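Listed features, source Swiss-Prot:
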DISULFID  C3-C40  disulfide bond
DISULFID  C4-C32  disulfide bond
DISULFID  C16-C26  disulfide bond
Amino acid sequence: KSCCPTTAARNQYNICRLPGTPRPVCAALSGCKIISGTGCPPGYRH
């Protein structure tokens, strides 16, 4: 699961993922986090 700090970051992450870019790469580029659970940490609700 990915968690992003803003809607803009979420959009950037999603666009990054479209061609099949690995999740960790897109998370690093967009400022999002990849978590193993179901709940995002505070400040990463998008």
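Cβ atoms are placed via backbone N, Cα and C, with glycine included.
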Listed disulfide-bonded residues among C16, C26, C40 whose Cα sits within 10 Å of C4 (disulfide bond): C40
Distance, C40 (disulfide bond) to C26 (disulfide bond) (CA atoms, angstrom): 17
Sequence-distant neighbours of C16 (disulfide bond) in its chain (C-beta under 8 A, six or more apart): V25, C26, L29, S30
Distance from C32 (disulfide bond) back to C40 (disulfide bond), taken between C-alpha atoms, in Å: 10
